[in-house]
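Novice: What Swiss-Prot records for this protein is below:
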- 33-53: transmembrane segment (TRANSMEM)
- 77-98: transmembrane segment (TRANSMEM)
- 83, 182: heme b b562 binding site (BINDING)
- 97, 196: heme b b566 binding site (BINDING)
- 113-133: transmembrane segment (TRANSMEM)
- 178-198: transmembrane segment (TRANSMEM)
- 201: ubiquinone binding site (BINDING)
- 226-246: transmembrane segment (TRANSMEM)
- 288-308: transmembrane segment (TRANSMEM)
- 320-340: transmembrane segment (TRANSMEM)
- 347-367: transmembrane segment (TRANSMEM)
C-alpha cells in the first residue's frame, strides 16, 4: 500500500513542503530562522487570541483591562509577557533572516525576496498598531507622532491623517480600529508566509556556497526537522528567560502610566526594533524628507537584487563585500542606539552620519565592491 502522505490531497502538500522536500545538504544554522519565524507567529497568534478575550479597545478601559489581565486572569501575566517579548523575538529572527538573505545572495530569488519585503512591512505595521493597544503614555504618543507623519504628504496629508484617526486626533476611534487591524494582520501575514514558501519551493533553497546544490540534495525529514527542533528549543528558552526573569527589560517605563493627551513624555521613542528607522527619520530636519527616508530605509531592500554585480552569488568567498556587510551591521546597531537617545548633540550628527552611511553602503559601496571583486578574480596573464 502506498504511503498515505504521498496520496492524500492535503497530506501530499505537507509532504512535499516539510517531509520529502529535497534540501541542500550544506545549509547552516542561518537557515533556521524561517522556521523560527513560523513558530514566533504561532506563539503570537495563540497568546494574542487569549489576550483579546479579556482586552477592551476603549480609551477609558484599555489600560485597566491590561492591568486586569495581569492581575486577575489565570496566567494572564504570562500571556502578556510572552506576547510582548515574543514580538521582540519575532523581530530579532526577522532581522537575522533578512541579514542571512543579503549575505548569502538569497535575494536573487526575486519573487521570494519581494514577498519577504512585503512581509517585513506588514509585520512592522502589525507591531506598530499592537504597541498602541495598552494605551499607556508611550502607546498614545507613539501613535500620535507616527500617524502625524502622514500629514507631511502634500495636498492629501491632513485628510489622510484624520481619516486614519477617525477624528481630529488619536482617540477612541483610532484605538478601536487599531485593535481590528492588529487582529486581522497576523492572518494576512500567515497567508503571505505561505505564498513566500510557495515561491521558495519553486526554486529550492539557496546554500552558503551560493553554488547550484541540485547534485547533492537530502530529504528535509529527518535531517532538517531535527535541526529546526533544536532551533525551536533555543528560541523558547530565550523567550521564557525574557518573559519570566525580566519581562520589562525591552519595554518603556512611560507605558506604565495611562495615556494623557495633556502631558507629553520627555522623550518619545518606539520599541527597540523600530529605533534604526526612527533614527533615520529624525536625522533629516524636514518632515516630508524624513518620511521619505523612513520609507526608503525599508523599501531599499526591493532594489538589492538589481545592485548585485558580483559573479558569485554568496559573500562566502568575497572578503570586500563581507567587510562592507559587517560595517552595515555595525551601522544599523549604531542607528538603533541613536534612535533611543534624546535629540541633542552629539547624537544628532552621529545619527545623520550613520543614516548617510546606511544608504551609501547599500547603494554605492556594495555595488562597486562586486565589480572590484570581479576585476580582482580575472586572470591577469
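Glycine is no exception: its Cβ is also placed from the backbone N, Cα and C atoms.
Any idea what these are sitting next to in the structure?
Specialist: Long-range neighbours of the transmembrane segment (33-53) within the same chain, counting only residues 6 or more positions beyond its ends whose Cβ lies under 8 Å from a Cβ of the stretch, are 69, 76, 79-80, 82-83, 86-87, 89-90, 93-94, 96-97, 100, 182-183, 186-187, 189-190, 193, 228, 231-232, 235, 239.
Residues 30, 33-34, 36-37, 40-41, 43-44, 47-48, 50-51, 66, 69-71, 116, 120, 123, 127, 130, 235, 238-239, 242-244, 247, 250-251, 271-273, 301 of the same chain lie 6+ residues outside the transmembrane segment (77-98) yet bring a C-beta within less than 8 angstroms of a C-beta in it.
Secondary structure at residue 83 (heme b b562 binding site), taken from DSSP and collapsed to helix, strand or coil, is helix. For residue 83 (heme b b562 binding site), the Cβ neighbour count at a 10 Å cut-off comes to 21, with all displayed protein chains included.
Around the Cβ of residue 97 (heme b b566 binding site), a 10 Å sphere holds 20 further Cβ atoms from the protein chains shown.
Long-range contacts of the transmembrane segment (113-133) within the same chain, counting only residues at least 6 positions beyond its ends with a Cβ under 8 Å from a Cβ of the stretch, are 55, 57, 62, 66, 87, 90-91, 94, 98, 101, 106-107, 139-140, 142-143, 146, 174-175, 178-179, 181-182, 185-186, 188-189, 192-193, 195-196, 199, 270-271, 273-274, 298-299, 301-302, 304-305.
In the shown protein chains, 14 other C-beta atoms lie within 10 A of the C-beta of residue 201 (ubiquinone binding site).
Sequence-distant neighbours of the transmembrane segment (320-340) (same chain, 6+ residues past either end, Cβ-Cβ under 8 Å): 99, 102-103, 269-270, 272, 274-280, 282, 310, 347, 350-351, 354-355, 357-358, 361-362, 365-366, 369-370, 372-373.
Sequence-distant neighbours of the transmembrane segment (347-367) (same chain, 6+ residues past either end, Cβ-Cβ under 8 Å): 279-280, 282-284, 293, 296-297, 300, 304, 307, 309, 321, 324-325, 327-328, 331-332, 334-335, 338-339, 341.
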Novice: Which residues, given as numbers and ranges, are at least 6 beyond the ends of the transmembrane segment (288-308) yet have a Cβ under 8 Å from it?
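Specialist: For the transmembrane segment (288-308), the nonlocal Cβ contacts are 98, 102, 105, 107-108, 110, 113-114, 117, 120-121, 124, 149, 152-154, 276-278, 280-282, 355, 358-359, 362-363, 366-367, 370.
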Novice: Give the number of CB atoms, excluding that of residue 196 (heme b b566 binding site) itself, located within 10 Å of its CB.
Specialist: 21
Novice: Taking the Cα atoms as reference points, how far is residue 201 (ubiquinone binding site) from residue 83 (heme b b562 binding site) in Å?
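Specialist: A Cα-Cα distance of 30 Å.
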